[in-house]
Amino acid sequence: MNNKKFLTVQDMVLIAVFVAIITVCSFIQISVGPVPFTLQTFGVFVTAGILGTKRGTLAVIVYILLGIIGVPVFCGAGGPGVIVGTTGGYITGFIFTALIIGIITHFFEKSSTWLNIGATVVAMILGDVVCFVIGTIQFMFVMKTSLTVALGYCVIPFIIPDLVKILVATIIVNRMKKHVKIPN
């Protein structure tokens with residue numbers, strides 16, 4: 001019989017702290033059309049990069065569940081209506097973003113510093129692309145609009161800001177992993 005717990009108390013505390021970080025990041029927003037510019041993705045990037053696959057993904061799932069039950073964690077809003085609305089696909093996409101970042105960064109965590117940093121950037125870009133795909137498909141469905149219109153509202157204006165978020169998140173993740181030991 002295996003006595004290893006799925007989550008330790010330390011895991012639960014780390015998950016709660018990073019749920020709070022994602023929530024705070026979601027409140028930092030600039031409205032630019034139907035999809036606001038927020039730091040939510042930045043919070044997800046940092047969370048998955050530091051906590052890894054299991055804890056990072058669980059933190060994102062807890063964040064989403066809090067929002068679904070009505071806690072105003074989604075840019076100051078909450079409830080199931082947000083998840084089925086125009087931006088709900090992006091929020092759902094955060095789960096896959098965290099999984100991708102966690103899996104790829106775990107695979108390269110014992111690599112040289114530069115390879116690790118490169119893998120983190122690539123993981124965050126891939127995670128962001130998957131989030132864009134899921135979110136844009138839902139946006140098109142909810143708004144009954146074309147791919148061209150959806151890309152103009154939901155992807156193109158966010159490419160440069162997301163690349164900046166990825167670079168900053170990569171620096172933070174790399175520094176945190178060097179100086180703060182979070183057990184796997």
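Yeah, the Cβs are placed from backbone N, Cα and C, and that goes for glycine too.
Bear in mind that TrEMBL entries carry predicted annotations, made automatically and left uncurated.
According to TrEMBL, the protein has these features:
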- 12-31: transmembrane segment (TRANSMEM)
- 37-53: transmembrane segment (TRANSMEM)
- 60-83: transmembrane segment (TRANSMEM)
- 89-108: transmembrane segment (TRANSMEM)
- 115-141: transmembrane segment (TRANSMEM)
- 147-173: transmembrane segment (TRANSMEM)
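In this chain, the transmembrane segment (37-53) lies in contact with the transmembrane segment (147-173); the count of Cβ pairs under 8 Å, excluding pairs fewer than 6 apart in sequence, is at least 3.
Remote same-chain partners of the transmembrane segment (115-141), defined as residues 6 or more beyond its termini with a Cβ less than 8 Å from a stretch Cβ, comprise 34-35, 41, 44-45, 48-49, 86-94, 96-101, 103-105, 107-109, 147, 150-151, 153-155, 158, 162-163, 166-167, 169-170, 173-174.
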